[in-house]
Amino acid sequence: MKLHEYQAKQVFADAGIPTPASELASDVDGAVAAAEEIGYPVAIKAQVQVGGRGKAGGIKLVEDEDEAREAADEILGMDLKGYHVDRVLVEEAVDFTNELYVGITMDRGEGKPVAMVSTKGGVNIEEVAEEDPDAIAREHIDPAFGMHPYQARKAVYDAGVDQSIARDVSSVLTTLYQLWDDRDGSDAEINPLMVTSDDEVIAADAVMNIDEDALFRQPELAEMEEEAAGGDELEQKADEYDFDYVRLDGNVGIIGNGAGLVMTTLDLVDHYGGEPANFLDVGGGAKAERIANALDMVFSDDNVDSVVFNIFGGITRGDEVARGINEALEQFDEIPKPVVVRLAGTNWEEGMEILNEDLVTVEQTLEDAVQRAVEYAGEVNE
Amino acid sequence: MSVLVDDDTRVVVQGITGGEGKFHAQQMMEYGTNVVAGAVPGKGGQEVEGVPVYDTVHEAVEEENADTSVIFVPPAFAGDAVFESLDADLDLAVAITEGIPTQDMARVNKRLTETDTRLIGPNCPGLITPGEAKLGILPGNIFAEGNVGLVSRSGTLTYQVVDSLTNRGIGQTTAIGIGGDPIIGTDFVDALELFEDDPDTDAIVMCGEIGGEDEEEAAAFIDDYVDTPVAGFIAGRTAPPGKRMGHAGAIVSGSGTGTAESKISALNDAGVPVGDTPEEVADHIEEFLA
């Protein structure tokens with residue numbers, strides 16, 4: 001779960017990390033009023049969760065009321081890489097002399113958190129990581145002890161941060177780690193951490209991703225998630241149904257159990273000349289209702305021309321899956337799109353007995369099922 | 001022969017009184033697994049399917065000589081359940097639970113380095129030695145006794161590949177689902193080492209997926225240490241970049257790793273053929289064994 005910039009800034013500010021004065025606005029008048037209160041110049045920043053907002057026209061620096069009105073009018077309501085902008089953050093424009101990067105993330109290879117500091121802030125940090133990996137100082141943290149103060153200092157000195165601000169940057173890094181640890185962060189980043197002409201540091205952007213699996217013990221952040229909900233209609237629906245779902249560009253809808261098997265089904269659709277419309281993992285042990293919801297999900301995507309169901313039961317039972325498919329399809333006078341079903345594993349035989357074969361095409365193997373679904377999708381497009 | 005689990009393994013099921021725990025304890029016993037105890041705080045003294053339940057894993061060890069745990073404890077408490085297994089000094093702990101917070105697993109991972117217990121999982125289907133014992137939720141009926149070792153990050157993909165093997169009359173020594181979480185106990189390299197040292201394993205299947213660098217590390221290990229022939233499969237070749245690979249991982253590792261292409265080419269460079277489909281993986285294994 002990714003917090004919006006304004007939410008992450010609030011969380012950072014509450015913890016004591018310096019952030020610029022800012023206010024959230026959802027209409028032009030509100031944005032202008034906020035700008036007046038903060039004092040020009042201000043930045044007007046679209047609050048959508050996509051990278052490269054600035055380049056896409058979602059961030060504008062304004063000097064006076066006319067410019068503020070024009071920029072707010074332009075940004076509010078715009079479509080930014082597929083996301084509708086309905087809120088902007090109006091923020092004090094900080095006069096800076098330098099930009100740094102600080103971040104905390106989980107290094108999955110090491111199984112440990114890692115703190116990172118770079119003097120190459122304000123730019124795409126992934127590019128820095130690729131082109132000049134030594135420009136990012138890294139310090140692994142023992143998760144049982146947390147970050148020792150010397151580790152924050154070491155990362156800051158290793159990165160070559162100037163003496164005059166080293167203490168403040170160490171302090172920001174220490175606070176950031178504490179936040180990351182307390183709030184079950186998956187990553188927490190400040191890019192850029194601006195350095196002012198008075199040698200003060202200030203978080204000009206804020207990224208905070210929370211481990212979804214830990215939201216049960218972060219009720220305050222879970223509330224923020226509800227506030228932040230938005231985006232693609234189908235993805236919202238997937239959230240409601242609690243599916244792992246990714247929308248893709250093709251026309252073969254895919255439903256399966258287990259991430260690896262669903263990815264394999266996608267790969268096979270591609271292998272046999274089709275194009276996957278989505279990734280949908282119903283997860284382990286799905287009951288009939290969940291299966292029906294999955295079909296509803298995939299049917300709601302207008303791009304889908306055929307659907308392939310690939311279930312290999314372990315903890316999931318074939319009879320439950322079959323009941324769910326029947327339930328979902330029996331509501332229709334005419335099935336909207338052809339459905340191919342392949343059931344294997346736990347209770348697949350019981351499932352085959354229950355499954356209403358007038359409504360679906362049954363295939364015994366994964367390969368046959370995928371090929372049949374690709375064929376159906378192709379026929380629609382002829 | 002087998003690795004890690006056989007019919008001597010003495011299992012304590014943590015969470016045996018829950019729905020999943022009870023159902024799968026029963027399934028494991030039906031398969032022949034020696035389930036000797038359950039462990040559920042507050043439920044000591046009860047019996048589930050004829051198995052005595054204790055309040056703690058330590059009691060299950062004292063009273064029933066349990067040496068292995070299988071964990072069906074809800075995610076909020078599962079990290080603690082793993083710590084309990086480690087503290088009871090078991091040989092093996094198998095965590096089936098999905099959705100354990102990553103920071104909890106980082107702490108478990110640290111503790112693992114200080115104990116002799118081996119962890120499989122979490123978020124995994126478990127492991128099985130066909131004809132002897134299974135630990136976890138794998139459907140026993142699709143496996144067959146034989147000479148192929150299998151290690152996989154995905155449960156259902158394991159079933160798919162095993163099905164292709166068994167249908168051709170190719171059985172398995174042991175199949176291990178190591179789980180797809182960012183932080184896991186036993187990884188590919190550990191499993192490959194076990195199979196390499198097992199005299200009865202004549203070929204190995206390794207099923208990976210996009211994300212992380214475990215497959216690349218496994219490829220380097222195979223190149224240096226593994227003489228047993230290995231065939232691979234990598235799921236997620238068509239998955240769009242950025243959707244599953246976290247931003248964070250890209251920073252730490254630099255981009256270019258973690259993709260299906262980088263994994264497949266690392267494996268190919270180590271002499272491991274990678275199938276485009278599960279059936280092609282079985283084709284490679286068939287050739288190795290011919």
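Cβ from N, Cα, C; glycine included.
Since we're looking at a predicted model, the values are computed, not measured.
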Which candidate from A:ASN251, A:ASN257, A:ASN278, A:ASN356 does TrEMBL annotate alongside A:GLY314, A:ILE315, A:THR316 at the substrate binding site? A:ASN257
Between A:GLY54 (ATP binding site) and A:ASN191 (Mg(2+) binding site), what is the CA-CA distance rounded to a whole number of Å? 13
One should report the C-alpha separation between A:ILE315 (substrate binding site) and A:GLY52 (ATP binding site), rounded to whole angstrom, as 42
Of the residues named as ATP binders, A:LYS45, A:GLY52, A:ARG53, A:GLY54, A:GLU91, A:VAL94, A:GLU99, how far apart in Å are the Cα atoms of the most distant pair? 20
Here's one to test understanding: among the binding-site residues A:ASN257, A:GLY314, A:THR316, whose C-alpha is closest in space to the C-alpha of A:LYS45 (ATP binding site)? A:ASN257
Against chain B, in sequence order - binding-site residues A:GLY52, A:ARG53, A:GLY54, A:VAL94, A:ASP205 with Cβ under 8 Å: none
So of A:GLU91, A:GLU99, A:ASP205, which of the binding-site residues has the fewest other Cβ atoms within 10 Å around its own Cβ? A:GLU99
Length of the line joining the Cα atoms of A:ASN191 (Mg(2+) binding site) and A:VAL94 (ATP binding site), in Å: 14
Please work out which residue of A:LYS45, A:ARG53 has the most C-beta neighbours within 10 angstroms of its C-beta, and give that one of the binding-site residues. A:LYS45
Rounded to the nearest angstrom, how far is the Cα of A:GLY52 (ATP binding site) from the Cα of A:ASN257 (substrate binding site)? 34
